[in-house]
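Taken from Swiss-Prot, the feature disulfide bond applies to Cys150-Cys164, supported by similarity to another entry. According to Swiss-Prot, the feature N-linked glycosylation site maps to Asn48, Asn163. What Swiss-Prot lists as signal peptide is 1-20, and the listing cites sequence analysis. What Swiss-Prot records for 21-229 is topological domain 'Extracellular', and it gives sequence analysis as the kind of evidence. Taken from Swiss-Prot, the feature topological domain 'Cytoplasmic' covers 318-425.
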Amino acid sequence: MLCLMLCVLCWSRSDVAALGSVVENEDALLRHLFQGYQKWVRPVENSNDTIKVLFGLKISQLVDVDEKNQLMTTNVWLKQEWMDHKLSWNPEEYGGITAIRVPSESLWLPDIVLFENADGRFEGSLMTKAIVKYNGVVQWMPPASYKSSCTMELTFFPFDRQNCSMKFGSWTYDGSMVDLILVDENVDTKDFFDNGEWEILNAKGMKGNRKDGLYSYPFVTYSFVLRRLPLFYTLFLIIPCLGLSFLTVLVFYLPSDEGEKLSLSTSVLVSLTVFLLVIEEIIPSSSKVIPLIGEYLLFIMIFVTLSIIVTVFVINVHHRSSATYHPMAPWVKRLFLQKLPRLLCMKGHVDRYSFSDTEEKETTLKSKLPGKQKHKQAKDGEKVVIAFLEKAADSIRYISRHVKKDAFIRQVVQDWKFVAQVLDRIFLWLFLVVSVTGSVLIFTPALQMWLNSTL
């Protein structure tokens, strides 16, 4: 047991000694490297030498795409690597140390910034430690959160695709001092955290140069092709709008004497106004492009407004009669009582304006009454009976004319009601065709574009 304890004690002392030697070697190495090191001076042997910075981008999260303010917020890692000959050493002289971690604030940095920032934070990165290798290679991969400007193309919202770019380059050094070398044209997405509203279809970088007089300034531009996942807006915006448009069609299926026709149309118009305000909160205030969903809402609002006007007209027709000084014209009788009902598959309408049977009965009644010649030949007793019959006949004719007048008025009212039904049926089919056609024409290009992007 005593021997075991002695072995453990000797082993722990050797580890402590080894650890102490590593710490001492690293401390000595840091003092050696940074003795007289000036981080404000480019680490080159000759003043005309160019530092080549290997640059790459790794995206970890697409935080937000703000359509209203036209911003894209991302969390990325900036991969940077360059040669600093002042920070090289012989590993054998420092206990085999081949790499050390050094605070980036103590090193010369290539001051690479995002040009298209939108919040004033050009650097946007955390000053993490850098890895310095024995051969002078410096590797620095700081995390950064950027808000970059992105011009939104919302024509096909919510089936849209956006192309946002991020442009990186040195803020103060031209191409003769610091040159950017694109390591990989593809953005690293291995650790990308999926966004619930957007997916990245493509993310590639491209090197470019900006000329300014005699100087050239290299930069790297990364383009992100984003596609919106439209399920949310389809369920809570497009489908309700489609439902409201077809609900407008059903207004003409209600009976013409129902006062709820106008109430339904007005309620639909108010609902569409609310949806239009929701769209206005999402899209930017620009007159260059109007989203198709906005055009569709305007189309439906005009559609509903016309339905209200037509409904008022139909209700007016429904309550017309000869008593309101609206006699029915002959062409209205032929068109709305005879021809159109057959075309619209409605039950035939009885011609209520034929009075031949009544006139024949009245003529027959008059012919059966004794004339003046018969009166002269009649006896005095018969004259009394005939006079009584004539008075009775006059009363019957008066009652008959009154009854026919009332029946005529009722028939005219029924005819105007039938005309209102025919108008309702016409506008029902007309608005249904216009609603379906308009919906298809407006949404088909957006659906085609979105489906092509998925293939």
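Cβ coordinates are placed from backbone N, Cα and C, and glycine is handled just like the others.
Predicted-model confidence for the topological domain 'Cytoplasmic' (318-425) is 65, expressed as mean pLDDT. Across the glycosylation sites listed here (Asn48, Asn163), the residue whose Cβ sits among the most other Cβ atoms within 10 Å is Asn163. When the Cα atoms are compared, Cys164 (disulfide bond) and Asn48 (N-linked glycosylation site) turn out to be 36 Å apart. When Cβ atoms from all protein chains are considered, those within 10 Å of Cys150 (disulfide bond) total 23, not counting its own. Separation of the C-alpha atoms of Asn163 (N-linked glycosylation site) and Cys150 (disulfide bond): 8 Å, rounded to the nearest whole number. DSSP classifies Cys164 (disulfide bond) as strand under the three-state reduction. DSSP classifies Asn48 (N-linked glycosylation site) as coil under the three-state reduction. The separation of Cys150 (disulfide bond) from Asn48 (N-linked glycosylation site), Cα to Cα, is 37 Å.
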